[in-house]
Amino acid sequence: MWKGLRRAILLAASLLLLLMPRGLAADLDGPWYWQEDPVSRDGVSSVEVVQAALAGMGNWQPYAAPAQPPFQRDDQYIWLMTVLPQADEMRDASLLMMVIDQSFEIWLDDRQIYTYGNLEPQLMSYGQKWHLIPLPADYAGRHLYIRTFSANPLYLGDFGTIKLDASVVQMSTLMRQDIPYIANIPLAVFMILIMLMYYMSPTAPKTLYAQIILFMLAFVVWMICASNTKQLFIDAPVFWWLLWRVDVYFLPILATLIVYRVVDKRYRRSTWMAMLSFVVLLFIAVLSELLGLNGLDGCASAFYIMLPAIEGLVSYWTIRSAIRGNKYCRALLVPLVGMVSIGSIDGFSRHFHWLPEVWYLLPYGTVTIGIFILYIIQQQIRRERMLSAKAAGLEEAVAEAVARSEIDALTHCYNRNRMEAVLAAEIRQHGPEKEPFSLIMLDIDYFKVINDTYGHDAGDEVLAAFAGVIRKNIKKSDIFIRWGGEEFILICRGCSSDEAYFVAERLRRQVEWSCIFARQRITCSVGVASWQGADDSAAQLIKRVDTALYTAKRSGRNMVCRESLPPEKMDLALNGN
């Protein structure tokens, strides 16, 4: 599903590039001139400055745009000037410029056509914003003047490459620049959702997963802040600019924490110190920013130098751990080295103006992060399967232990533990009913003589063979129990007293006719008793069947005797009530 969605996004972006209208694009690449600001210095108006410039007056000096003019460090206002190119006129022509932390006004000859901000100091700067400035139809060959203000000397007069083209083409350019974000933000969000799902697993390494989720969230925030499209939905340049700059400092901190979690123990202290160096830099940057010293921008040079240096060391420790067999580090190696490399290239290109265009490679690092996430998901699945197998084995062991506790090892009959549970269940189910089930108690005749004459091994042989004969001649629903020694009990479900008597007689005969022990004929005595309803109890029932068995043994053995009921119960039984 995700692959299909991503293909659709890429196809739509490709169609946008193919079908967008062709303009007569031009870069305002010079010549450019600048001068100090007579408005703030001499108290003249902007109109007077423009009119003087049109008359060939003013202290205009050439400079190599798009680089900044060589103004004094304490300057906050300057003027810029160029001439719009003599190109074929286009409909709906506009200027597109990317501006950071500047308030400015634009004049076309002696007419002001655009203003942003109030050209005064502002608490939280003017942020980062792209401006699409419409031009009149007769713009060609006219002078373009820009009066700009910035309290940050890093950005004063820096307008990058100003583009001249049709407005619809300018918007297409902005959208085209956002293709890396459009393609990778959904992928990153999908990875976050996957990690959240596995985070809920009780077997998950939650600290590691939480750190990965935090890093991915910070990375998504970075991509949103770096995109152009965000301005169409939330036009808050100061907010986006502040969030973007702080987020940049957080990314290596969160990435190094992930490495700290998986790297070999011998490198953890060093990795922790590497992370702390970025924390200290962030603290200094934020503190100096709050003091009005432009700390977030001022510390950027140190940040982009530290990034390849310190993260290069972290990458080395990760490589060493991977060589030593650390599989997590092996999976982390590609995204770590890839993100550090392209992040350093992006940072140096933007901060030190290596490239005139603002293009980022870092969004494509999302794909490399996916390699690591796929590996840890694979490990999670493997861990869950292993635990499931262990749990299944444990369940089997428990079942075997329960079976051993309820089954007699010699005769493979249930023992007295099972007897109590089954009898209690039958009583709960049929408490008020009469004769819903019956007990048959069997005792091997003269078993002590067999033990004394032939030994205990022969006795065990007789017990096992006797149980086998009985088991072959009862229903599956009947419960066969070794009560103790040579005594056995059969719980006959749904069996009345008469039916139980006939079953007992059939079993007695089967034992008598079977060759249980080659050296002596084996017989058994049998007692029968049935549940008598609400007035009965388990203890009374067992006592009655035991008494019936004793009667059979006392009467000569090898016979079946039924329980003796009190006269009133005997009358009820005979009447069928």
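Using the three backbone atoms N, Cα and C, a Cβ is placed for every residue, glycine included.
On the 0 to 100 pLDDT scale, the model's mean across the domain 'GGDEF' (435-565) is 92. Summarising the annotation, TrEMBL assigns domain 'GGDEF' to 435-565.
Residues or ranges marked as signal peptide in TrEMBL: 1-25.
The transmembrane segment annotation in TrEMBL covers 181-200 (among others).
Sequence annotations record features per position, and here TrEMBL assigns transmembrane segment to 207-226 (among others).
Annotated transmembrane segment per TrEMBL: 238-260 (among others), in sequence order.
Residues or ranges marked as transmembrane segment in TrEMBL: 272-296 (among others).
The transmembrane segment annotation in TrEMBL covers 302-319 (among others).
Below 8 angstroms of C-beta separation, residues 251, 255, 258-259, 262, 300-301, 303-304, 307-308, 311-312, 314-315, 318-319, 322, 358-362, 364-365, 368-369, 371-372, 375-376 of the same chain, each at least six residues beyond the ends of the transmembrane segment (331-352), sit close to that stretch. According to TrEMBL, the feature transmembrane segment maps to 331-352 (among others).
What TrEMBL lists as transmembrane segment is 358-377 (among others).
Relative to the transmembrane segment (207-226), the listed stretch 358-377 leads the set 272-296, 302-319, 358-377 in CB pairs under 8 A.
The highest tally of CB pairs under 8 A with the transmembrane segment (181-200), across 272-296, 302-319, 358-377, is held by 358-377.
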